[in-house]
Amino acid sequence: RKSSSSEGPQACRKCGSTGHNADNCEQVRCRSCGKNGQPQACRKCGSTGHNADNCEQVRCRSCGKNGHITRDCKEPRRCHLCGSDTHMARDLYAGQPQACRKCGSTGHNADRCEQMRCRSCGKIGHITKDCKEPRKCHLCDSETHMFKIEAGRTT
């Protein structure tokens with residue numbers, strides 16, 4: 001809905017200035033922390049100039065490395081519960097009740113898990129929005145930024 005002229009010019013929702021809207025805003029805003037002026041980096045590869053939806057870098061879901069997909073991975077597959085390469089989570093409890101991938105308990109699956117796990121710090125008992133731990137870059141664990149970028153590349 002467009003505002004009437006009696007309400008005055010609308011401020012851009014990205015930078016707060018008038019005279020343009022968010023679609024035409026030249027101010028860069030970090031998607032992770034929301035601060036203006038930081039380079040917007042792709043959460044897949046860490047490079048600037050595009051986002052994860054447009055990223056051409058493929059990442060393996062098995063080993064987490066860039067450059068190949070799971071089907072072509074040369075690394076041994078690992079159990080997502082304990083990280084071992086000697087078994088898979090589905091084999092760990094063969095003939096026993098399967099463990100929940102969120103909390104490791106039996107008797108329920110992740111969809112019915114009542115244990116809240118924070119996606120920021122990984123601890124059980126709270127969710128991300130209630131996390132008291134400082135936010136860290138998921139590429140390098142720094143608390144000073146969300147991505148570590150040098151000359152347009154992640155390190």
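All residue numbers here begin at 1 and follow the chain in the order shown.
Using the three backbone atoms N, Cα and C, a Cβ is placed for every residue, glycine included.
Here TrEMBL flags 12-27, 42-57, 59-75, 100-115, 117-133 as domain 'CCHC-type'.
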Close approaches to the domain 'CCHC-type' (59-75) from elsewhere in its chain (Cβ under 8 angstroms; 6 or more beyond its ends): 44-45
Helix, strand and coil counts within the domain 'CCHC-type' (59-75) (DSSP): 3 helix, 2 strand, 12 coil
DSSP-derived helix, strand and coil totals, residue by residue, for the domain 'CCHC-type' (42-57): 3 helix, 1 strand, 12 coil
Secondary structure content of the domain 'CCHC-type' (100-115), with strand meaning DSSP E or B: 3 helix, 1 strand, 12 coil
